[in-house]
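Engineer: Supplied in structure tokens, the structure appears directly below.
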Amino acid sequence: MADSESKIYHERQRLQFCLLHCLNNLFQDKDAFTKESLNSIAEKLETNDPNKETWTPLSFVLKPHHNTITGNYDVNVMITALEGKGKSVVWHDKRIGASSIDLDDADTLMGIVLNVPVKRYGGLWRSRHWVVVRKINGVWYNLDSDLVVPQLFRDDDEVRGFLDQNLSLGGEVLLVNNA
């Protein structure tokens, strides 16, 4: 592992807590968010939802914004969590591709979050996965919690290629800004 990589915080995937890992990897801090803090955000979103679902026996586990046992948080939890830390989230228009993203604006752009479709168990199980890409010490990294170690990008073109590939496969790109 290169010296610059040894200073990179990288949380690995556990259950369906990819949003938790994604956010902690984005902030480069294992304590930026916890399961409890994300669950609390999800519960507040549910309480404030004017279109609350009716109660069923599964309501204890399968909540509108997350699964209480495995995680699987939705975009509303992510946006609320980031706004609570003074960040803003902008959905990138997939019709224009990644070429329009200013990857050099370090004052504004904190990182890029992707929500990508995944197939597991031979395609029997389909879901979505949260991934974060962030520039650390002048180098872009893929901090996907499914990776064993962070993946270094050679240059901005490789980052844009990665983003465009994920957009073409049905992924969503969200820009996390510092203000």
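Quick reminder: no glycine exception, Cβ is built from N, Cα and C everywhere.
As annotated in TrEMBL:
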- 5-179: domain 'Josephin' (DOMAIN)
- C18: active site (ACT_SITE)
- H129: active site (ACT_SITE)
- D144: active site (ACT_SITE)
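Set these features in their place in the structure for me.
Structural biologist: Cβ-based neighbour count (10 Å, all protein chains) for H129 (active site) stands at 20.
Every protein chain considered, the tally of other Cβ atoms within 10 Å of the Cβ of D144 (active site) stands at 22.
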Engineer: Rounded to the nearest angstrom, how far is the Cα of H129 (active site) from the Cα of C18 (active site)?
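Structural biologist: For C18 (active site) versus H129 (active site), the Cα atoms are 6 Å apart.
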Engineer: Sorry to bug you, but what's the C-alpha spacing from H129 (active site) to D144 (active site), rounded to the closest Å?
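Structural biologist: With distance taken Cα to Cα, H129 (active site) is 9 Å from D144 (active site).
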Engineer: Kindly state the mean pLDDT of the domain 'Josephin' (5-179) in the predicted structure.
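Structural biologist: That region's mean pLDDT is 81.
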